[in-house]
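*Asks:* I grabbed these lines from TrEMBL:
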DOMAIN    104-150  domain 'F-box'
COMPBIAS  180-191  compositional bias 'Pro residues'
REGION    180-244  region 'Disordered'
COMPBIAS  192-204  compositional bias 'Low complexity'
REPEAT    301-347  repeat 'WD'
REPEAT    348-387  repeat 'WD'
REPEAT    388-427  repeat 'WD'
REPEAT    478-503  repeat 'WD'
REPEAT    555-578  repeat 'WD'
REPEAT    579-618  repeat 'WD'
REPEAT    619-652  repeat 'WD'
Amino acid sequence: MPSSYVCDTIPAARLASASSGDQPPPRKLCVRHQRMADEGTNLKLQHSLDALPVGEREQVNAIWSAFSSSSHPRRALILQGLLTMCCFSQLSLLTEHLVHLIRIDPFTVLPREIGLKVLMYLDATSLCRAAQVSRRWRALADDDILWRGICEQHIGQKCTKCGWGLPILEKKRVVRLPSPTPTPCPVPPSSSSPSQSSPQPSSSALLMYPPSGPLPKRQLEDPTDFLTPPLKRQRSDETSPNLNPCSLIAPFTSLLTSSSTSMSADDSASCSVTRPWKDVYSERMTIERNWRRGRCTVKTLKGHTDGVMCLQFSETLQHPAFPVLITGSYDRTVRVWNMETGTELHCLKGHTRAVRALQFDEVKLITGSMDNTIKVWDWRGGKCIRTLTGHTEGVVCLNYDSNVLASGSVDATIKVWNLRTGGAFTLRGHSDWVNSVQLWDSNPTSGGSGISGGPATLLDCPTVAGSNQPCSLQIDPGKMLFSASDDGTIRLWDLTQRTCVRQFTGHVGQVQSMKLLVDECDGSGEDENSLASSSSSSLSLSTSDVDPVKRKKPLLISGSLDNTIKMWDIETGNTVRTFFGHIEGVWAVASDKLRLVSGSHDRTIKVWSREEGKCTTTLVGHQAAVSCLALGEDKIVSGSDDNDIKIWSFGG
């Protein structure tokens, strides 16, 4: 059997004596000896050898040459013999040198692709530590491929390995910057319906981020600009050179479709600015750590003269560029705020009693009041468009989607308004106030096309009374409604059949609020609502005829005056978990995929881990009961009976 491969320890040509015969061609150096050659170790050794007398030099050369030409078994035998001859001083010298000699940098030997494959098995902390080893390691550990994978694993969802999830930061996905040239980017076509908001990217295409370097703060828009409709709704020949609709986004290119923009590929490329994925992860990690440690800054908005009962904010509106907050109060007003500056933009007056519920989108604002009416507003212009009547007592809650509006009242009834046809009907079953309603499309594939713009729609009538509705009450199949009441129950209604199909019991006090959450998503993200609201947004659930792998798991979260928060499995009607911690009644709850928050009569806001069922942070600052709140990716907005609105920001 042939002997194993042995490399030349030291080039024989330098150590051979003059009387030696022809030497065989030197063998290829192994990795270690190649490194020694690169470091000049052999050259230093040769200088030490040259300093010896000729006789000693030949003896040392003979020993080295014999060892170098020996096979592996013979080398092992020679070394064992030498070790037996060594004293402790020589063994100590060997130990000191072997500590460094047996180390090898794998990334100097392996191809870059294999090195990246190895590093893919490390978590973010380990990658950061690896980047501190050397420049070569840092070049590999900071590679965008690695950090993009980590971002995909954590952002917008809980990691199955470490349990951490990071916020998406939707507002940072689209950043408006002045155009570098006078030529504006192409304007989206004006053919889209004014009543439809622009399509939102799917939740799978989560990791869009702002360009590198500090961005200028968005300036407060001129009030005249705020009153004008969004740019996308203006005629294409009315473009303004001061407005640049080109969005600087850097998406997952394989996941983001091009249907959401009319720009050509060249235009999009010219308007895109990206930054390293490591920076994206770091920014979101800072925010998540702030959430977990309760680190936040608090801004207080003052303006209401009585308790704040409802609120909603949005940071993703196409127009205006700044985030908008709308609040309703017992002082009978609705106020529109610029969240960045804390400036009050509008004060909407028209209700004659307390405003208890509101919801808004790009186009409209709908409010419910204790004066028994529901009003539809142009919140940009601050004008009431029309009034809906039908309840015999105050309207406490409302929720709408593309074609259905539901409202709950002190009269213990729920009215369902078909926004496409103008029809309405009443659901009866609760025995006390209906405090919260939540629409749910259990079969989203059969949904309608949205609110039509024809003259027959409900919102085109200046005043609509509940007793004068047209006969057409068709509701899309699969449309469901949750309702929570002071009678301590939550009911699930089939709006097509107009019957209660399930009742959730377990609370021993009045149920004040609820939030519908899709816990696990198939990645389409088409049911994600970009508006953070104190009244739960409309979410969808796939039915049993959908592939089980892609099926979504719905969760209902409710808060009650029995001081508890309950999480329900919609499919079984069972309580999944009960959260204990508040010492007085819970008035408001909100949740996303990463956390649950609640506001209570005990004047505190608590942040909960849904999986562990424990409180991670308690926020104290309000001087009276926390009556409403909304949850964002890096902030909580709360309203209280102390007349104040507080913005708790966890941003870095």
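Note: Cβ is positioned from N, Cα and C throughout, glycine not excepted.
Just so you know, TrEMBL annotations are computer predictions that nobody has curated.
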*Asks:* Per DSSP, what is the residue tally for the domain 'F-box' (104-150) in helix, strand and coil?
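*Replies:* So the counts come to 33 helix, 0 strand, 14 coil.
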*Asks:* List, by number or range, the same-chain residues at least 6 past the repeat 'WD' (555-578) whose CB is under 8 A from its CB atoms?
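*Replies:* For the repeat 'WD' (555-578), the list is 482, 484, 488, 490, 492, 502-504, 506-519, 541, 584-589, 591, 596, 598, 600-601, 608, 610, 613.
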*Asks:* Which residues of the chain, 6 or more past the ends of the repeat 'WD' (619-652), have a CB below 8 A from one of its CBs?
*Replies:* 167-171, 283, 286-287, 290-291, 294-302, 304-313, 315, 325, 327, 329, 337, 339, 532-534, 584, 587-588, 590-592, 595, 597-607
*Asks:* Pull the DSSP breakdown for the repeat 'WD' (619-652) and write it out as helix, strand, coil residue counts.
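*Replies:* So the counts come to 0 helix, 19 strand, 15 coil.
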*Asks:* What counts of helix, strand and coil residues does DSSP assign across the repeat 'WD' (555-578)?
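*Replies:* Once the DSSP states are binned, the repeat 'WD' (555-578) shows 0 helix, 16 strand, 8 coil.
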